[in-house]
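These come from Swiss-Prot:
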DOMAIN    15-122  domain 'FAD-binding FR-type'
REGION    247-267  region 'Disordered'
TOPO_DOM  314-334  topological domain 'Periplasmic'
TOPO_DOM  541-548  topological domain 'Periplasmic'
TRANSMEM  293-313  transmembrane segment
TRANSMEM  335-355  transmembrane segment
TRANSMEM  409-429  transmembrane segment
TRANSMEM  433-453  transmembrane segment
TRANSMEM  520-540  transmembrane segment
TRANSMEM  549-569  transmembrane segment
Amino acid sequence: MARGLQGVMLRSFGARDHTATVIETISIAPHFVRVRMVSPTLFQDAEAEPAAWLRFWFPDPNGSNTEFQRAYTISEADPAAGRFAVDVVLHDPAGPASSWARTVKPGATIAVMSLMGSSRFDVPEEQPAGYLLIGDSASIPGMNGIIETVPNDVPIEMYLEQHDDNDTLIPLAKHPRLRVRWVMRRDEKSLAEAIENRDWSDWYAWATPEAAALKCVRVRLRDEFGFPKSEIHAQAYWNAGRAMGTHRATEPAATEPEVGAAPQPESAVPAPARGSWRAQAASRLLAPLKLPLVLSGVLAALVTLAQLAPFVLLVELSRLLVSGAGAHRLFTVGFAAVGLLGTGALLAAALTLWLHVIDARFARALRLRLLSKLSRLPLGWFTSRGSGSIKKLVTDDTLALHYLVTHAVPDAVAAVVAPVGVLVYLFVVDWRVALVLFGPVLVYLTITSSLTIQSGPRIVQAQRWAEKMNGEAGSYLEGQPVIRVFGAASSSFRRRLDEYIGFLVAWQRPLAGKKTLMDLATRPATFLWLIAATGTLLVATHRMDPVNLLPFMFLGTTFGARLLGIAYGLGGLRTGLLAARHLQVTLDETELAVREHPREPLDGEAPATVVFDHVTFGYRPGVPVIQDVSLTLRPGTVTALVGPSGSGKSTLATLLARFHDVERGAIRVGGQDIRSLAADELYTRVGFVLQEAQLVHGTAAENIALAVPDAPAEQVQVAAREAQIHDRVLRLPDGYDTVLGANSGLSGGERQRLTIARAILGDTPVLILDEATAFADPESEYLVQQALNRLTRDRTVLVIAHRLHTITRADQIVVLDHGRIVERGTHEELLAAGGRYCRLWDTGQGSRVAVAAAQDGTR
């Protein structure tokens, strides 16, 4: 087949054809067929990500030598076996792809490549409020991949434009929160007008319909709903009435509305929004700095020009020396150069000092706001994040913001103004030599684009490899005793490391030549060689004065380095803006509000009585984790929450500690709604022991007395005795004065008992124990149970446990399933009922009851 300019360009960017062999074709709908293929080499270049597509070269149905290029989304993939499938809409009249898909037989082959422009859906670290998917039948394969990737608790709104009566027969992926709306096409505005008029704040839009419809959709998303550019993926998959894609010969392409080989990216321009997006958070945080940052950019441009001026004068001084100018003229130019050099340095220092003053004031106010905000956020906000992410927010992001305010804008402006200023000056001196300097720049930009395209699929793989190797390295270090005893060969880390190195070699080795050429293109020696060669030619032919080469020798050789500075300056700017976004998103988090007028306690409710009154709660709107739970906990009793994983046990307990606020209903302690209590007051009534025992850096005594810092040593030791941890503390190197921390040397059960001692000393009337024996060995578990028995005296205790034998003596056992109470009663009552609790017990949850009974006999 003929391969024209398009094929040459693709190959110059590193694209290569792979041969795919058809395995089978399956009719999914009357006009929708799935073609399954296999290619041993395709997935060396391609990455089977959701919504990623491949380029195919289809033969001309008229039998000519032309190949037509079309793009289709990967609907199935098994990279290890080299198998994949694409879905093709069969159009009438049929074009090259439809004709091929209708008639292709198993064993037929076709050329396919993965390079150049394939978009894919990347799951963000921070999920949006929901996904708005907009398209038509050609978009369904890609959207199905997205739907299968989106977590079940994230809503999806899907608008599909119907062009054919059979479009609705195309199967869609399943999702519990997916809502689909088919829109019959009347004109190009039909799809856009069908989008619900609502607040789409923090939603992400993926729009891939026909080109004319996309333009209308884009306008509505931008102008009426206020979607920012970063929250819209807009790409036309086909053009009504015009064939998409290219061909590899001179014959015209047949008209066919199919997915194009080069989908046309549409951009959305930010406009005043009715909604609010996290993507716009950085601009809100930096709004007070807008004028100073703009002014600093203008001043930085002037300072950069002032700093370039001495070099220009130095060049002119050299030209005067060569031409034999007088001493007075030389001294005048020399003193002017020195004066401008000093002036530029002083202006740069003054600008930096001014920006540091602005940054210091802004950073102080920001840190005060951030610390105040953190003190008012619900505890659930902290437990849902690792300490590393919070440290990054408070320390790293604020430092990145310092660079943004004080250095990023001046650096970025200087990186742009300096080469432009140099280039303008050199063009004034001699435009012919200056024009030659663009040669290495074009080479650099072309190679950079090629490397970006070739590395696209590998970048995702590299990120996954990095995450995998981090986990493997941690396991390798933790398993050193076993690895050394049984031999290093028994460790998978070495094999994984070899595979990782092989992946990096396979990725980077083919790019080595281009990277070397890119490095050479920006070196001063390259520019010097070009200047010397071009200048010599012009001087030898009497087209240029030799003295005019001096400016190029002084300034032209640094042109490449100045261009590299643009990337570094803009990189710092992007990092700072991302940090600003993280900080503002935190400042926008919902706080735990305290009602201004606390309600009086209800009559008849004891101070330690806890009431869950028709409580409903969900971590995301519309996805309840706790549903209409009503429950009363009496003083001096133990209430146990049991149920399968994900039933809502820990969530219900944390609601009592007000880690989050309920959506509906109320939780009362002593007759008062906990939302009417300040945090300090609430935690004098409710104490808790978390599933993972938390120790702070301090002595054992300080860890126990965390809630009562002024408690005397005698009270601390009494609490430790009641928690069955006193003897273990005495065995520590310095007893109660031993400094503990993350690596305290205490076992899981011992850490649990230490935190129980902390709760005992706090003497709260209500106590929450989340998985109190989760990390305990049998001996420690027995001691923890003894401590729990002591805690029930005159206290309301809520216990969560998966191991049912630990709560057989609870006064009340509540069985949860999917956030609802399905059973409640004592251990004996629930076993006799033969319901969910009985089934949990029979499946082995109570297998250790004999051990527990034996231990109970010794109490």
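Every residue gets a Cβ built from N, Cα and C, even glycine.
Beyond its flanks by at least six residues, the topological domain 'Periplasmic' (541-548) meets 319, 322-323, 429-430, 432-433, 535 of its own chain at Cβ-Cβ distances under 8 Å. As a summary of secondary structure, the domain 'FAD-binding FR-type' (15-122) carries 11 helix, 50 strand, 47 coil according to DSSP.
Counting only same-chain residues 6+ beyond the ends of the transmembrane segment (433-453), those with a CB under 8 A from a CB of the stretch are 12-14, 115-116, 423, 426-427, 511, 514-515, 517-518, 521-522, 526-527, 530-531, 534-535, 538, 544, 548-549, 552, 556, 559-560, 563. Note on the transmembrane segment (409-429): residues 293, 296-297, 299-301, 303-305, 308, 312, 351-352, 355, 435, 437, 548, 551-552, 555-556, 558-559, 562-563, 565-566, 568-570, 572-573 of its chain, located 6 or more positions outside it, place their CB under 8 angstroms from a CB of the stretch. Same-chain residues lying 6+ beyond the ends of the topological domain 'Periplasmic' (314-334) with a Cβ under 8 Å from its Cβ atoms: 547-548, 550-551, 554-555. Within the model, the topological domain 'Periplasmic' (314-334) carries an average pLDDT of 82.
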